[in-house]
Amino acid sequence: MKLHYCLCILLVVTFVPTALVLEDVTPLGTNQSSYNASFLSSFELSAGSYSGDDVIIAKEGTNVSLECLLTVDHYGEVHWYNSKGRQLHSRGGKWLVSDNFLNITSVAFDDRGLYTCIITSPTRASYSVTLRVIFTSGDMSVYYMVVCLIAFTITLILNVTRLCLMSTHLRKTEKAINEFFRTEGAEKLQKAFEIAKRIPIITSAKTLELAKVTQFKTMEFARYIEELARSVPLPPLILNCRAFVEEMFEAVRVDDPDDMGERIKERPALDAQSGIYVINPELGRSNSPGGDSDDGSLSEQGQEIAVQVSVHLQSETKSIGTDSQDSSHFSPPSDPASAEGSTHHRE
């Protein structure tokens, strides 16, 4: 906040209590005039009384003179009436009528109101004057003045304290900005954060320059953190994780789940399918030497042999083949003559 704004606030706070104290006072018109007529020495218009067109304002306890502005005959009489309609006589005391003036001694707050003067010659006419009295006595007025004075004092102290705090804040902010432009490296970013807390008081030019420098330093800090993260040593397995996973998938090929399901369903059916196949008796014997040496076997009729066949998967077939090869290596064939004898015995 600028200094002249603070001064305006101080002026407003200074004059508001005064206006509240004088709230019963009506501003006078532009045609204010003072009556220089010759009054009695004891009823001269006091310094606390003011006169306007038809309004007279006086403080409580002062003497007031009201003038009737009607043209009065030399032998005519003027009659004065108060706001209650009671005629005021000049028999001494508080009221005193002299020619066309009404003099009031020690005006009280109850004397306020409209006063009317009436003449009967040369013509009947009337003229009214309003009297307003400023209430200055009593406990309430003193209490009100004390309250206003205390409020004004507190407000003034708060405003002065605020000005001092703002001045201190501005000095600290200026010092922080100067230190920001003098520092380099990581400390400059820290100074930028300190200045950011005081942003509302910074001028526009310095704010723009500070924003540019802060943005550049923030990006530089981000790059520094990124390089620092890359320089941290990590295990080779974590660094080569993607290559390791790709090699693993190439080594172990995963089939389609749908095809695997179909194969699992077909496997029991293949295992269950078994049948008896008849060998054609017209098939000739093999061209083995053993067959040619056996002349009697050519004249014999063929016989049907029942063979049970089962279907296995490729992997099972390979395992069976391996087992049969192993057994053939460890069990050599028997004597040909004994083999032929057993054949004839079965026939």
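Heads up, the Cβ atoms here are built off N, Cα and C, so glycines get one too.
What Swiss-Prot records for 1-22 is signal peptide, and it gives sequence analysis as the kind of evidence.
Taken from Swiss-Prot, the feature N-linked glycosylation site applies to Asn31 (among others), supported by sequence analysis.
The N-linked glycosylation site annotation in Swiss-Prot covers Asn36 (among others).
Sequence annotations record features per position, and here Swiss-Prot assigns domain 'Ig-like C2-type' to 47-130. Residues belonging to the domain 'Ig-like C2-type' (47-130) score a mean pLDDT of 78 in the model.
When other Cβ atoms within 10 Å of the Cβ of Asn63 (N-linked glycosylation site) are tallied across all protein chains shown, the result is 19. What Swiss-Prot lists as N-linked glycosylation site is Asn63 (among others), and the listing cites sequence analysis.
The disulfide bond annotation in Swiss-Prot covers Cys68-Cys117, and the record cites sequence analysis as its basis. Classification of Cys117 (disulfide bond) by DSSP places it within a strand.
For the recorded site, Asn103 (N-linked glycosylation site), the DSSP three-state label reads strand. The N-linked glycosylation site annotation in Swiss-Prot covers Asn103 (among others) and rests on sequence analysis.
Per Swiss-Prot, transmembrane segment is recorded for 140-160.
Annotation source Swiss-Prot lists topological domain 'Cytoplasmic' at 161-347, citing sequence analysis.
What Swiss-Prot lists as region 'Disordered' is 280-347.
According to Swiss-Prot, the feature compositional bias 'Polar residues' maps to 311-331.
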Give the sequence-ordered list of residues that share a chain with Cys68 (disulfide bond), lie 6 or more positions from it, and have CB atoms under 8 Å from its CB.
Val78, Trp80, Asn100, Phe101, Leu102, Cys117, Ile119, Tyr127, Val129
What are the DSSP helix/strand/coil residue counts across the domain 'Ig-like C2-type' (47-130)?
3 helix, 38 strand, 43 coil
Using the alpha carbons only, what distance in Å do you get between Asn63 (N-linked glycosylation site) and Asn103 (N-linked glycosylation site) once rounded?
7
Number of other Cβ atoms within 10 Å of the Cβ of Asn103 (N-linked glycosylation site) across all protein chains:
20
